[in-house]
Amino acid sequence: MRVSLNWLNQLVNIENVNLEHLIEKLTLGGFEVEEIIEVNIDGKKEIVIDISATANRADSLSIKGIAKEINSLMNIPQKNYKFVKPYQEKSFSPMEEIKDCSVFFAVTIENLNNYNAPHWLKQRLISVGISPVNNLLDYQNYILLETGFPFEFYDLEKIKEKVGTSKLDLTLGYPKNKTKFIGNNDVEYNLDKKTEVVKVGEEILSIAGILSNKNVSYELNTKSLLIEGAIYNSKKIRKTSRVLNIRTDRSARYEKGLNDYSFVQSFNRLLTLLKNLNPNLVCKLITVYKKSENIIPPITLKYENIVKILGPTKIKTTIQKNQIDHSEISYFLTQLNFKFNFNPKTLVWKIQVPSYRSEDITREIDVIEEIGRLYGFNNFIISLPKIHQIGWKDVSYQMRKKLTLCFLNEGLNELIHYSFVKENQKNPVKLLNPLSSDFKNLRTSLLPNIIQTVSDNIKQTNISIEGFEFGHVFSQNRISEYQEVEFVAGIFGGIPIKTKWSDKSKNLSWFEAKGKIEEIFLKLNLSVSWNILTSSVYDNIVHPYRSVELFLNNGISLGVFGQIHPIQAKKLNLSSELYLFEFNFDLLMVEMKKNKLPIYKNYSSYPKILKDLSFIVSCNFSFEDIKNTILSRGGVYLVNVELLDEYQGKLIPSFCTSLCVQLMFQSNEKTLTTKEIEDVMQDIELVLTEKFDAKIRI
């Protein structure tokens, strides 16, 4: 908002105030001075400052509002215009109770002969960047800039012709049926029964607070006017503007929120300006409505809370631990036009906030902020509050950090996606009020977004993307209950790599990819079991025969791991040797919390002995069971069992497989003998034969 200092000086005496000092006060008071502009008007230089205010300070979006702020910040008295009530109010009609309007005034004006604005008014408009047009619009713009209130002008004679009577009874209501409306911007709008309008009988004068009807707009030769001024509900105006896709200067002001404080004075100011150049002007008040004022509850302000929040103050150049004096607080409250009662014994103020600040000052902390603003936040010592207890890192954060480190060590990068997705996921959770029609659902899995990201990166020649993501997924059960659970998912593989410098580059195999996941669980000290995937959630995402479901020791499903579905890979032009995983992070956290501190021991300095064992066993047995059995029978010297090879072919019976495992023996106390190892091997072969009906191969 541009503010002319000459114009401002008509409302508050800043003639002797240094410009830099004024800007500093406004800046420290919460306003931003974006630009200082020097304009030339009639050969005279004039200073204009471009000011922006915070969204909660709609009361300051006018010359008068800025003048009031300068009065509070710098204790410079305001100047008030003097005028006599310019209208007759003998025969006005009161309006019925209105829900979305707090004040409504309508005045008729006759004998309007000179509507050209005075020269000084045009100069002020030019100073803030508005070109005068030598008609009534100049008055509308001027009063909007000076007071912040938008007033609507209609041609009175046109209205009388439309309704067929000189007695006008204005109402605020809704069209009975769907109605076509042509605005003064020459655009046609379809109004429904929910669009609030200003009417005389059934003739629509305007869309309330937004746009007037072209058929009743004033012209250059207009001799009589109907002027409407009102305070409409900001939410209602915003909603109507969005539905009809209209935004005007008038609606923009209402959307920010207006208060009826000084509304009548602003109306009188407008009429006085018109009457100054039209001495025979006849003004009649025809419609009045004013909602009973809401009782603003008092705010209790305690001195101890002010000191606790704002802290000690600075005295000149020496920083001492001095507190703001209670007399200064009372002074600032007076500057803010707050009415209050002060108890000097308890140092407590009971404050009544004026109506024009009732929207942004509702709590004690708001009043304390105002005191700090007027005193100057730069006049308080910057100090952190004393810490009585050192806080602990959140458990969820610690677990997340530990798991993140595991993924980073495996070469994965962290990815972040929106929770909103297109309607391409199974059983999507739909949003009632989506931001965009393209993203009107909540994700039910993290994997589709991750796969799409890899595809998009490959299109941009970034072929080496492997990543993971923490995120919430949403679901709906049969009784329409919604659930939100945090998962961790990722993607890797599809990139030719070398395990040795002399080897050829090759893609990660399914077993190697599975080994990466096993390594992560090993680092987390978690035990999981791998079973056939039965869930249909991942049908079109993972390979039907190269995917598994992971379970915790208590039998609860943790998530899924598998190779990308070949159809999906072909569709997105991806490698078919990409591997995906998605685990329930909430369950992972529960299991990780159960873990005790690991116990570390020295490496053995004695040699280890490796023994290979091959045997044929039924496919009905899982390797996990076989491995656990070998470890339990191997005794204290058996430290590891590793699967070297699996073979199924002509020499192997149907529904059977040949396994080759490597057993590692080592002692921390001595060198093991061949006999000791052979005895253990015989025990292992025996238990495999008895328990799994295995046939030992030589």
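Cβ atoms here come from the backbone N, Cα and C positions, even for glycine.
According to TrEMBL, the domain 'B5' annotation covers 294-382. Here TrEMBL flags ASP360, ASP366, GLU369, GLU370 as Mg(2+) binding site. Look at TrEMBL and you will find 604-697 tagged as domain 'FDX-ACB'.
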Environment of ASP360, ASP366, GLU369, GLU370, the listed Mg(2+) site - residues of the same chain whose CB lies within 8 A of the CB centroid: ARG357, ILE361, ILE365, VAL367, ILE368, ARG373
Using a 10 Å radius around its CB, how many other CB atoms surround GLU370 (Mg(2+) binding site)? 22
Binding-site residues compared (ASP360, ASP366) - the one with the fewest other Cβ atoms within 10 Å: ASP366
Within the domain 'B5' (294-382), count helix residues (DSSP H, G, I), strand residues (E, B) and coil residues, in that order. 36 helix, 23 strand, 30 coil
State the count of C-beta atoms found within 10 angstroms of the C-beta of GLU369 (Mg(2+) binding site), not counting that atom itself. 17
I'd like the per-state residue tally for the domain 'FDX-ACB' (604-697) from DSSP, helix first, then strand, then coil. 30 helix, 33 strand, 31 coil
